[in-house]
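These notes are about the structure you will find just below.
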Amino acid sequence: MADPVAGIAGSAAKSVRPFRSSEAYVEAMKEDLAEWLNALYDLGLPGSGDGFLTGLATGTTLCRHANAVTDAARALAAARPTRGVAFQAHSVAPGSFMARDNVATFIGWCRTELGVPEVLMFETEDLVLRKNEKSVVLCLLEVARRGARLGLLAPRLVQFEQEIEQELHAAPPVPHVPRAVEEGTETTTAPAAPARGPRMTPSDLRNLDELVREILGCCTCPDQFPMIKVSEGKYRVGDSSLLIFVRVLRSHVMVRVGGGWDTLEHYLDKHDPCRCSSTAHRPSQPRARTFSPQRVSPTPSPRPGSPVPGSEHRGSRQEVTPISLRSTKEGPETPH
């Protein structure tokens, strides 16, 4: 029996194409991190545009947080980090030598004291000159995870991760049920500590299913990509037993993938053959199999009113519609 918490299972559904754009999920993470840092240090950082990185470019807030994490570790007699940082806190202009020195000090602390994996690190120029926004965001999210284990306030995404880990720990082992994993996704696996510190406002899951339906409704092809609700915040997707965890983060619907997050829209862009196709809609042949307890034929026919090439030869065939989250629409459907 496989332990669902023993690590990320082997990929059950590889991406059909490489990730097209990272803007959506990076923007969602920036909003979450800005809200988190504002709550911790009363900063007023904007969560969108260049304002987030510009507000951190002096390095003072980063070094303040490094010392806060160190103090929390000492209070709990944790093994690491053991040392804080000395930095220039006043009259620091973005892009100046002192700003670069502060940022470099924080980076060194993350690497040596906190033990952040190299794959999640960023360079001074990535922040000061905004060369690699994604690397900065991923590093800060990992720093937030480490701080949350020491009792500090956690961003919502980290809280979601804790909830998911607790759910997996509480669930009985299920064999051969993989969790979503992404090719090239930065992964860090560590036991989730109980939240000892304050928490951000919890997310409301009441509208999650409605939002998922709306996003799935962007595809009007007759043979729709299956996404079946298993429980609150948990869905089975595609033609396999792959389970994904979904959460609402303000205006974003986020999917837990590997050791990070993606937006549901871009997750579907990579896994739904219709959205991945360079043509306007999916190939005309029916899906070989669909995950549905009511499936009676391995090659279901399209719904009436949704013609595909060659359908005139299959008109007398019994109709079988895969179960999905969307209700059947009246009248003909228009392919992309």
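Using N, Cα and C of the backbone, Cβ positions are placed for all residues, glycine too.
Please treat TrEMBL annotations as automatic predictions, because they have not gone through curation.
According to TrEMBL:
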DOMAIN    27-148  domain 'Calponin-homology (CH)'
REGION    171-202  region 'Disordered'
COMPBIAS  186-202  compositional bias 'Low complexity'
DOMAIN    203-275  domain 'GAR'
REGION    276-336  region 'Disordered'
COMPBIAS  327-336  compositional bias 'Basic and acidic residues'
*With DSSP as the reference, give the number of residues of the domain 'GAR' (203-275) in helix, strand and coil.*
20 helix, 26 strand, 27 coil
_Within the domain 'Calponin-homology (CH)' (27-148), count helix residues (DSSP H, G, I), strand residues (E, B) and coil residues, in that order._
79 helix, 0 strand, 43 coil
